[in-house]
Amino acid sequence: MDQSNRYADLSLTEAELIAGGQHILCAYKMKPKAGHRYLEAAAHFAAESSTGTNVEVCTTDEFTKGVDALVYHIDEASEDMRIAYPLDLFDRNMTDGRMMMASFLTLTIGNNQGMGDIEHAKMVDFYVPRRGIELFDGPSKDISDLWRMLGRPVKDGGYIAGTIIKPKLGLRPEPFARAAYEFWLGGDFIKNDEPQGNQVFAPLKKVIPLVYDSMKRAMDETGEAKLFSMNITADDHFEMCARADFALEAFGPDADKLAFLVDGYVGGPGMITTARRQYPNQYLHYHRAGHGAVTSPSSKRGYTAYVLAKMSRLQGASGIHVGTMGYGKMEGDKDDRACAYIIERDSYTGPVYHQEWYGMKPTTPIISGGMNALRLPGFFENLGHGNVINTAGGGAYGHIDSPAAGARSLRQAYDCWKAGADPVEWARDHYEFARAFESFPQDADQLYPGWRHKLRPAA
């Protein structure tokens with residue numbers, strides 16, 4: 001059934017829709033299946049995403065038609081389809097009237113992903129008007145809160161050197177806590193790897209007090225504050241809160257140095273919102289494990305990593321992993337810096353839409369996945385700044401000397417970039433950074449050819 005007379009209006013302009021402030025706009029790359037006309041398939045997509053179905057129903061009235069989603073732009077050659085969703089379509093909380101990400105996803109990326117007349121459709125950008133922005137929670141804490149605890153300026157406080165406890169699984173409580181202590185002697189921030197939780201060989205009630213003891217020892221010995229991001233991901237929100245509450249009690253007077261990590265893609269938006277609302281005084285660390293199933297460029301359905309990052313800020317994530325932009329082991333390229341810019345800036349023009357954030361706090365880009373000191377100078381140069389958290393697991397625990405030396409090499413890499421220095425020359429006067437060349441020789445050969453002749457290996 002051709003529904004384009006009702007669910008498409010190509011006379012609408014994007015500028016008018018944005019000026020009106022009453023619609024969320026979504027841009028997709030959409031291709032219909034063979035034998036289906038583009039506008040007809042697009043209109044069916046909009047119908048399925050809002051008030052319609054595959055036939056006319058007798059219960060539809062004029063009010064219903066007033067909240068139809070409308071296709072307002074198509075370009076078949078570039079597979080560009082854009083839809084305007086009235087704000088009133090989206091579900092609101094009974095308790096406080098605020099918007100919810102679950103409803104946004106249900107409408108804009110729900111049943112339309114399995115429609116029989118659509119070959120593929122992937123959301124590449126979306127726009128939220130001011131009224132919508134103000135109805136989402138947004139972050140309660142941001143990187144400035146971490147800088148403050150670390151004794152740094154709250155503006156442009158710089159690079160936070162972090163790690164992931166490695167190996168990913170298999171450490172018992174005492175070795176786990178020892179690994180944390182050894183890194184904290186040189187670094188700032190430690191996160192659980194995403195599978196680490198309450199395994200039978202490492203129960204949280206034993207691990208967390210030992211980790212806190214390691215933190216206190218490291219703070220006493222270095223005179224620096226330290227930060228720990230604990231994984232509270234669980235199927236049950238009550239279990240999440242039980243883990244969080246236990247950790248807060250264990251950390252006691254240093255509870256402000258405790259962040260909560262939530263696997264937001266596998267756990268869903270309800271898990272992020274639970275953590276954001278139940279623990280507004282903690283830094284909310286959004287891990288995105290599994291996202292590549294839909295965000296990968298090889299997938300033509302779902303949504304992009306840029307869309308995921310943008311959603312995370314609306315939900316209230318203090319920080320989210322944004323990949324390594326081609327400088328680490330994760331899929332991506334240099335242009336992925338847009339994922340960082342949309343979450344950290346007050347406004348940004350993405351692939352399709354310009355987004356203003358109207359005072360919503362920023363979300364920190366978290367860089368992780370195959371990074372080490374040798375890869376960081378190029379990464380910072382591409383991004384244009386170092387106001388990020390970097391969690392380098394192998395980059396710290398794979399350092400030839402120690403995890404503490406690995407942490408120092410990461411800090412020295414940031415200082416190298418900030419000074420505009422040549423990394424090989426910088427290594428001559430920065431021992432831990434120099435030893436990173438020997439720790440990761442394949443990277444050194446690729447990134448800094450001739451380093452072996454220019455840099456005498458340390459004894």
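Here the Cβ of each residue, glycine as well, is placed from N, Cα and C on the backbone.
Summarising the annotation, Swiss-Prot assigns active site, proton acceptor to K166 (among others) and lists sequence analysis as the type of evidence. Cβ neighbour count for K166 (active site, proton acceptor): 19 (other Cβ atoms within 10 Å of its Cβ, all protein chains included).
Sequence-distant contacts of H287 (active site, proton acceptor), defined by Cβ-Cβ distance under 8 angstroms and a gap of at least six in the same chain, are E194, N231, T233, L261, V262, D263, G264, Y265, I320, H321. Among the features that Swiss-Prot reports, active site, proton acceptor is placed at H287 (among others).
A simple way to gauge crowding: the CB of H321 (substrate binding site) has 29 other CB atoms within 10 angstroms, across all the protein chains here. The annotation substrate binding site is assigned in Swiss-Prot to N111, K168, R288, H321, S368.
Feature annotation from Swiss-Prot assigns Mg(2+) binding site to K191, D193, E194. Listed in sequence order, the residues of the same chain lying 6 or more apart from D193 (Mg(2+) binding site) and placing their CB within less than 8 Å of its CB are I164, I165, K166, K168, L169, N231, G393.
Annotation source Swiss-Prot lists N6-carboxylysine at K191. Counting Cβ atoms from all protein chains shown, K191 (Mg(2+) binding site) has 26 others lying within 10 Å of its own Cβ.
Per Swiss-Prot, site 'Transition state stabilizer' is recorded for K329.
Listed in sequence order, the residues I164, I165, K168, N192, P195, Q196, S229, N231, L261, H287, T391 complete the 8 Å Cβ shell around the Mg(2+) site centroid, once K191, D193, E194 themselves are left out.
Our reading of the substrate binding annotation (N111, K168, R288, H321, S368) yields a largest Cα to Cα distance of 36 angstrom. Here the C-alpha separation of S368 (substrate binding site) and K191 (Mg(2+) binding site) works out to 11 Å. All chains included, 13 other C-beta atoms sit within 10 angstroms of the C-beta of K168 (substrate binding site).
Counting other CB atoms no more than 10 Å from each candidate's CB, the binding-site residues N111, S368 peak at S368. Cα of K191 (Mg(2+) binding site) to Cα of R288 (substrate binding site): a span of 14 Å. In sequence order, D263, G264, Y265, L308, S312, I320, H321 make up the list of same-chain residues 6 or more apart from R288 (substrate binding site) whose Cβ falls under 8 Å from its Cβ.
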